[in-house]
Amino acid sequence: MASTEEDFPRGGAVKKARGNNIDLQVEVDNLFESNEKEEFEQWMGGIKDKKFKKQKTAVAKGDGLTLNADAECVEILHSKDVKEGMLMLGCVKDVSDFEVTVGLPCGLQGFLSIRNICDSYTKLLTEQLDSTDEDICALSHLFYTGMMLRCVVAKLDTTRGGKMSIQLSVNPKLVNSALTSSALKADMVLSGCVESLEDHGCIVDIGVNGTKAFLPKKADKDKQNSINELKVGQYLTCQIKEVKNDGRVLRLCAKSLAVGRALAESKQGWTLTNLLPGLLVKATVRKVTRNGLLMDFLSSFRGQVDILHMEQEMATHYNKGSNMLARVLYLEPSTRLVGLSLRDHIVQPETRMNTIPACGDRVGEVVKDCKIASMHVMSGAVLELPDKTLAFVHRNNLKELNEPANENKVLALPKHTCRIIDFSPIDQIHFATLRKTVIERTFFRYSDLQAGQIVEGTVSVLLNRGMVVHLSSHIRGLVPSTHLSGIVLKNPEKKYAKGMKVKCRVLSVDVDNKKLYLTRKKALIESSLPLFLSYDDARPGRVSHGYIVSVKNFGCVVRFYNNVKGLVPVNELSSEVIVNPEDVFYVGQVLRARVLQCDPEKEKMMLSFKPAAEGDTEEMGKAQFGCERLEAKVLKKSVNGLEVSITPNGVPALLPTMHLSDLVSNCSLLWEALQEGDTISNLVCFLQNKNKIAVTKKPMVIWSLEEGVAAKEFSEITVGMQMFGWVKNIMAYGVFVEFPYGLIGLAPKSAMSDKFIADTTTTFHVGQTVVAKVTNLDEEKKRFLVTLKISEVTLPEGSAQTRLIHAVQERRAATEMIALKEAGDLYQQLAALSVGQRLKLAVDTVKDGDGSTFKSDELVGATIRANKYHLIGIQLTPGQKVTAVVIYVDILSATVHVSLLSKLVTKKKTLSEESKYSAILQHIDKDLAIISVEDTAQLTFIQTQSHLNEVILPESVKLREGMLLTVEVVEPSCEQLQGLPLLSWKRAAPKRLRTVSENQMDSDTGYRFGEIVQGKVRTVKPTNIQVELEDGSTGFVHVSEVMEATEVSQGSFPTSFVKVGSVVTGRVIGRREVNSNGLLPISQPRLTYTSPELTLIPSKLDRKMELKSVTAAEKLSSYKVGEEITCFVSKFHPERKSLEVTSDLSITGTVELLAMITDLKDSSRLEKLYKLGQAVKAKVVEMSLKPQRFLLSLTGIHELQTGSITLGMVTSILPHLGLVVKLPFGCTGTVAITDLADAYKPNPLAAFSKDQLLRCYLLGFENDKWHLSLRPSRLNPQQAKPAKDTEVFSLKDLQQGQLIRGFVKSISEQGVFIRLSNSITGRAELQRSTKYFVNNHKVLCNHLPPSTLLTTKIISINRKEKLVELSLLTVDTGKPDILPESLHLPLRLVGQEKKKYNLEKKKKRSLSESEEKNNETEPPKKKTKKKKKTNLVDNDSGVDVYFREEEDQEAKDTNPVAVNVSSSSGPFRLQVAAGFSWDLGLSSLKPATANMHADSSDGEDQDEHNSKSQKKSRYELEQEKKVAEKALTQREMELMDPQLRPQDAAAFERLLLASPNSSILWLQYMAHHLQATQIEQARAVAERALKTISFREEQEKLNVWVALLNLENMYGTQESLKKVFERALQFCEPMPVYQQLADIYSKSDKMKEAENLYKSMVKRFRQNKAVWLSYGTFLLQHGQNDAASALLQRALKSLPSKESVDVITKFAQLEFRFGNTEKGRTMFDKILTSYPKRTDLWSIFIDLMVKHGSQKEVRAIFDRVIHLSVSVKKIKFFFKRYLEYEKKHGTPQSIQAVKEKAVEFVEGKGSEAAS
């Protein structure tokens, strides 16, 4: 307990010394506190920069002694260079109640807390908080924006987002901590805080112990520092005027002008220790660098001036030796780095620094066309904005967050777009960013938001007062609790969860205080009524949605947006009398309110609920509109539409944005063009009720209203009726279509299109005009269903051409309106351009792969560009004069798209009416496209939608530039299209997109097999070519069908000979299935689109040549094993290191790694060796149809042959055997330990690792395995040296007396078995193994592990029995004994010593016999023990005896022990020992030999015979009786002993009668028969056991089944084993039976059978976790790591998700035990990253890493786990483990470090840890 207390002290026992602790705790509501400082730190210091190099001090240079050395390179101060204790000069940017935001040098930002001002101010705050009478002295009384401060970095915090926050302090005790009383001199400039106010001045705290500083009233005349206005805690910068009493008393002066000009001089005794920021010094330029200046000042100091603090106008005038004034900006004490500034606003400061630049607050502004003025690699770049203002971009903001730095890429761009993110008052420059992710943010500041705006955000946290929603990383808003839903939510946490995406509407924005309020009320979010954003919007008669904020007796207070509110009196609440409003209305209720009166100046408004509920406005009541055309004047624009006033009566109405045109793209364009005050004509009213009048400008809807085909009410709707409407809303189950007069129908998902629709949200646009047919009516609920299928609706004749004309005219009108309102002639000139007009241009820029831009004297300021498609075959140079034709004009972006194609620039040809032509798409702009008609140079418009109801097409089916169309001339020259031809068109998509079923039904349409086609090459890929055919469809050319097979050379790329854009002729040889996003294969299995497969081979293009369709199966069957074919690389799998090759468009083959290369060096550059599309020569290795399998070889061989050399991969390393190697073509081989090298080495397997590639020599093939050799003499016989250890092929190669080396195979009681070669093993008996006496072979096992290299001598060779006897004795081998002397074993007796020992034993024995005979004649006086004689030397088993006298006595009490005899010639005979465990199977049973009992000698038998013939005395008879009784008692005890194994069948039968349900007895009985090789009797016993054991004893029966399985596996056949297995499955639980058989297979080395069984198990028991773990263990034990990884993925998919963590953990543990330790560690890291609080997993991980990892890794894990946010009890447990680990493996220093961490943890947790 004492040690525990010492190691883990309780809270309060030990406290670290702290500085000025402030007990004041002020809680602040940070809900609307700005997070811009966190974002700023992310921009300025998100990425690690190169660290400042520590500079040596007091370095003697040629020009004298300096106290600090030059910086190696001048760069700005980065956030990562800021350290605690660093002194800086700052400028106040913002003052809040509890914190001051301070701008620091180089764009940094710090925060000065109310607790870090000074001690006197902290004391004052404490007193004021205790007393409620006094007002608290706020920070705004002490600091003002623009105020210059000397501050020190008090602490570096990390925010919740992981960003650094700099906490500052102006406490004089910290800022002036290096000053002492003796160091104070007159004229020094110091900073301090007012400590107390006196009658004649004030006492200033300067932080120097023992010194009092007084500021008299007469010394202070500045407005900011007036004594009458000073407060306790006021920050001051003062100059020392007088020093008294050795610095104990100071008189100060605080005049800003004098203090600002006070010069620091050397005589004042400044040192690097007490140097302060803000000092004005004289400095000399020592060196001018590209990124700044190196300066000398105060005679012995050196500093640097970065680019931000050099005057830009003077940048070229700074020369070496120039003298100038500079001010100290910052000091870093550890590196002795001093930063200076030469800027005028700092060197000669005014009383207040400008925190807002003269050009205004531009933070958040996105600025285009910026240029790089200068680039500084270590700092950033200076940008020149278009107005010549400079901005600085930090080097981290020159790139995206996770991209590598590339300054050259930034410099290469002539212009940039940036976003201004901050203004630094200390640097007087804007800071900007080039990050696109920041520039593209919708909301950067609170000022970007407007009340009434619809926004999307993410739920952050739920509070009592509401829900916090994040709109961006640093903009968040509050949804009050009353606005969480349309009703009051009692449990909002059930509806909202953290991270949920929500749509909100902005209620109000307070930019100054950074407060944002949002609403989630559906009625407010979806309201289409005008919004009251100010009192000016609330004109009398207008109606809007508002929400009740207060219910009183006199009425309700209703609030709108931006805190606009009004009163609804009691008499306006309803037409009925309401006595108590609280009974009817509630706070948060959303209602329509009509404005009665409004006074914007007084901000008072009177409202009424009556119109919103039952009445209507006066204007609406008077007006009645039919289907006549109307004109209206735009009153106001909003996002949802235009508020208009219908002339001449001025009736207000709404024109929704979606009703400006039938084309969705035209709606947005017209909305941009229309402005307030514009007049709109050709409007028709489509909805008129008490509350709303809505008008439309949709041509098709107007036609339906005028023609009278629109139903005015539900009763007029009939089934089959067609109506024109528009898409109102899109849901997952269908589309709601709105029709005139407020009727709404539903088109279910199945009725939306003729094609299958997977996602309804990607089918139609909201507002899209559609024609619908009524299919179903619900008279009761007044609902109806419609269909939008094109096949079921009809359009009026000529409607397509009419819609096109309307669309072009609308765009033309919008273009002219924009041109009239934009200033300048450019837009007038752009509006005057027409499609097909020719222009004279000059080439401006030429961009490879991205087209060119042009200039025109008539279109100055416009962007004229042609893409690469319109420049095919044209070479341009800058300045070249060209003629181009106008394709399209985009007036919003002032862009003119032109084409230089000769066929378009030539003279136009006339078109013939009703003639058909082919046309090419030249340009596409949303709903309209421009096409050219053949070679006529005619351009015109078409609509990209062929039908009103056409759904949004997938990208693969959409129209695109260059596509071929078929057109028919309707009108050669149409006036409405400004003379352009009016055409109807169709595309070949229905021809190309044909289904398999359609092709089978109608084979006459589409492309037929063998048809010759032409097309243009669209794309060229390594393995195929895409060709655009004449009808616009796409054909594919396989790489094998590009050129003749005889012309393809190895290593060539056939597709590279075909160029994009070239015209080719091909022949259809098949079809390729193409996926379509419009169809799902599950619901529409036969609807698969196909495209033609082509061939470009000239010999196949001959029409006379008949092509035959060959299936993949027929083609595969035509190949023969060993045949060489030409293939093309199609894919490389880096994880499997295999290659996919294709020989035909329908056949893909596989090449494994070992069949891919012949040189080991090529294994690291496979992707470079074999590239996509490359032609290779391959040999067929294997092919099959079911399953389809096609294996190839690139090495020139297709099978392995004895005597050849091949590559192999090590799969496992077995110490007792050698290496298991994977060979090409699915073969496996083994390398014996004697075949690894020509000269044996100790521990030979250490040089090999799993997955290592080897060159192997094939010795021979036996038992489905190759025997391999790695000997150099085999692999390189010409270069190899003579073998030291020659190969042994047979016993003929061995001679008696020969010395030979070998490796230990195993050790048993029979001796040491030594492997001499792959097939020969010798034995050294124990007496020939060592000179020491060994009574247990385990002593040798402990000192001779498997694969130990030994030198041995051949004693004898029995060629008939194929036995080799060896000797390891020193006298034979000349080598040291295999056992060390340190074991202190006794020496073995040999030769004369052994004979002498035996002779003495005989003498002792004969002497004892004579004494016994003498004693027989005398009556015994006491009992004499009869000694049992034992067989000694004559029946020795080859093991000599040492001191056998003791053993004679011990033998009486010791049962005979069975000796295990191993034999390699025959099968083992099994015996069952006591304590049998069924789960180990019979493999745990050991072979048995006959027990060697000690028999009586012949002499003893003769004596006993003589004694029987003689007459016995009474005494002898009594003795015999007692001996008989004793023997009987011993026999009874033996029969009662459960551990004693019976010796015959009768004994077994007797025991089984007593215990018929004991499986151990039955198994022993089986083993008894097996010892006598009675296999059938053992089977019979097993069958009896299964019948006899009770059915309730399931476990006992299972034991017998397992034993029977073992028996059949060892002695039976595969069929008999299978039958027993099937029977066991019927009578037992299947799972344990499967598992036991798998274990039996694995332990008997039947890997293939075991793997097949495991595969069946995971299919049958896929929900059983144990099966997956068992299979994984098997795979990892046998080196199949990749298969184990794949198995883990399968397991995670099959098992429930709650088991995932446990399964991954178990597999990770298996990786540690059998597989890759690093992989196991990675798996644990991933688990613990996702589940950091699973302390049980941490404990497992620690145990594994202690066993398998390094000390550094273990300590790293302990450091991670002790910082977890879990309970103190659990952390204490890990601390104890950490300490135990260090005590065992660490040093005293590391132990102390753990104790210190524990102390720190206890102090941090306080009372919680103490308890």
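Using N, Cα and C of the backbone, Cβ positions are placed for all residues, glycine too.
If you look up TrEMBL, you'll see 1398-1421 marked as compositional bias 'Basic and acidic residues'.
Along the domain 'S1 motif' (85-171), the predicted structure has mean pLDDT 87. Annotation comment: TrEMBL describes 85-171 (among others) as domain 'S1 motif'.
Per-class residue totals from DSSP over the domain 'S1 motif' (187-255), listed helix then strand then coil: 6 helix, 34 strand, 29 coil. Per TrEMBL, the feature domain 'S1 motif' maps to 187-255 (among others).
Among the features that TrEMBL reports, domain 'S1 motif' is placed at 278-343 (among others).
Annotation source TrEMBL lists domain 'S1 motif' at 452-521 (among others).
Per TrEMBL, domain 'S1 motif' is recorded for 541-610 (among others). The DSSP breakdown of the domain 'S1 motif' (541-610) into helical (H, G, I), extended (E, B) and coil residues amounts to 7 helix, 35 strand, 28 coil.
Residues in the domain 'S1 motif' (720-789) partition by DSSP class (helix H, G, I; strand E, B; coil) as 9 helix, 37 strand, 24 coil. The domain 'S1 motif' feature in TrEMBL is assigned to 720-789 (among others).
Taken from TrEMBL, the feature domain 'S1 motif' applies to 1010-1085 (among others).
Among the features that TrEMBL reports, domain 'S1 motif' is placed at 1122-1195 (among others).
What TrEMBL lists as domain 'S1 motif' is 1203-1271 (among others). Helix, strand and coil counts from DSSP across the domain 'S1 motif' (1203-1271) read 10 helix, 35 strand, 24 coil.
According to TrEMBL, the domain 'S1 motif' annotation covers 1297-1369 (among others).
For 1398-1440 (among others), the entry in TrEMBL reads region 'Disordered'.
Positions annotated as region 'Disordered' by TrEMBL: 1489-1519 (among others).
Across the range of the domain 'S1 motif' (85-171), the DSSP-based residue counts are 21 helix, 36 strand, 30 coil. If you look at the domain 'S1 motif' (85-171) against the domain 'S1 motif' (1122-1195), you find fewer than three C-beta pairs under 8 angstroms, all six or more positions apart, and that falls short of contact. The domain 'S1 motif' (1122-1195) shares the most Cβ pairs under 8 Å with 1203-1271, out of the stretches 187-255, 278-343, 720-789, 1203-1271. For the domain 'S1 motif' (187-255), the most Cβ-contacting stretch among 278-343, 720-789, 1203-1271, 1297-1369 is 278-343 (pairs under 8 Å).
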